[in-house]
Amino acid sequence: MIIKNSEFIISAVRPSQYPVDNRVEMAFVGRSNAGKSSLINVITNRRKLAKTSSTPGKTRQINFFLINNEFYFVDLPGYGFAKVSKSEQQKWGSMMEQYLINRHQLKKIVLLVDSRHKPSKEDVQMYEWIKYYGYETIIVATKSDKLRKNDFQKNRKIIKETLNIRDEDKFMFFSSLNKSGKEELLEILSEGIFEEDTME
């Protein structure tokens, strides 16, 4: 897939604000500061399309980006950020759940985890939740530029075993800094995204 144009559409906090044009959507989810916004900027070739911050929890709404005037990338609020109130965490969780459960346009979910660390309890819960609802899942281990060469195999094993990744799901390393994994991810995202709609 070649991304020729990308456009920020809306930051939504409730379903009434979601786009209503029924285009295919692919969501990006992960812990706060997992690198979702940076990843979106890299694969769209736009340095500032998605707002990035060194402060975890910057994304507090559901951000929709129209890609090639054909489908949406959806940047979801990060989870597991300890420095916000319980009520804020619950509000973010409810917002994400409301979107993920009821959005029939949603075809794929990209789950981002930090390649340097064992997935957290929240990462495991998120993966299990995604699989419970039957979504096609791509696990992207970010910040791979921080790994030593001999860390890749070991960390891949730890991540896949901790999450108990299903055989049908894809796993890959990615770096927003050196852009490794960019083409592979774009190829995976493009696989069959319009086939179901064509059949209907």
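Start at 1 and count along the chain as shown; that gives each residue its number.
Placed from the backbone N, Cα and C atoms, the Cβ positions cover glycine too.
Copied over from Swiss-Prot, here are the features:
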type	residues	note
DOMAIN	22-195	domain 'EngB-type G'
BINDING	30-37, 57-61, 75-78, 142-145, 174-176	GTP binding site
BINDING	Ser37, Thr59	Mg(2+) binding site
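Features per Swiss-Prot, on structure.
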residue: Gly30; record: GTP binding site; CB count, 10 Å: 24
residue: Asn33; record: GTP binding site; CB count, 10 Å: 22
residue: Lys36; record: GTP binding site; CB count, 10 Å: 29
residue: Ser37; record: Mg(2+) binding site; CB count, 10 Å: 22
residue: Gln61; record: GTP binding site; CB count, 10 Å: 16
residue: Pro77; record: GTP binding site; CB count, 10 Å: 24
residue: Lys143; record: GTP binding site; CB count, 10 Å: 21
residue: Phe174; record: GTP binding site; CB count, 10 Å: 26
### Mean per-residue pLDDT computed across the domain 'EngB-type G' (22-195)
87
### Message
Distance check, please: Cα of Pro77 (GTP binding site) against Cα of Ser37 (Mg(2+) binding site), rounded to an integer number of angstrom.
### Response
10
### Mapped DSSP class for Lys143 (GTP binding site), helix or strand or coil
coil
